[in-house]
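A short write-up of the structure that comes next.
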């Protein structure tokens, strides 16, 4: 399993989208880990970035559980 993203990366969920905000000093690459065990695609966020990282809770996988760090390439 991948390790959780640092606390400075904040996840917001709505019915339609799951969004991540990078409040860290460094660029991070994260994906959404859903409660059903599925993982979304990786998204790279520079410091201060806010981006959609997955579907919301009405999507195929339901509620997101947490943001996970993606392996660095």
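The backbone N, Cα and C atoms fix where each Cβ goes, and this holds for glycine too.
Noted in Swiss-Prot for the protein shown:
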- 8-24: disulfide bond (DISULFID)
- 42-70: disulfide bond (DISULFID)
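When each of the disulfide-bonded residues 8, 42, 70 is scored by how many other Cβ atoms sit within 10 Å of its Cβ, 8 comes out lowest. Counting Cβ atoms from all protein chains shown, residue 24 (disulfide bond) has 17 others lying within 10 Å of its own Cβ. Here the CA atom of residue 8 (disulfide bond) lies 17 Å from the CA atom of residue 42 (disulfide bond). If you take the Cα of residue 8 (disulfide bond) and the Cα of residue 70 (disulfide bond), they are about 15 angstrom apart, rounded to a whole number.
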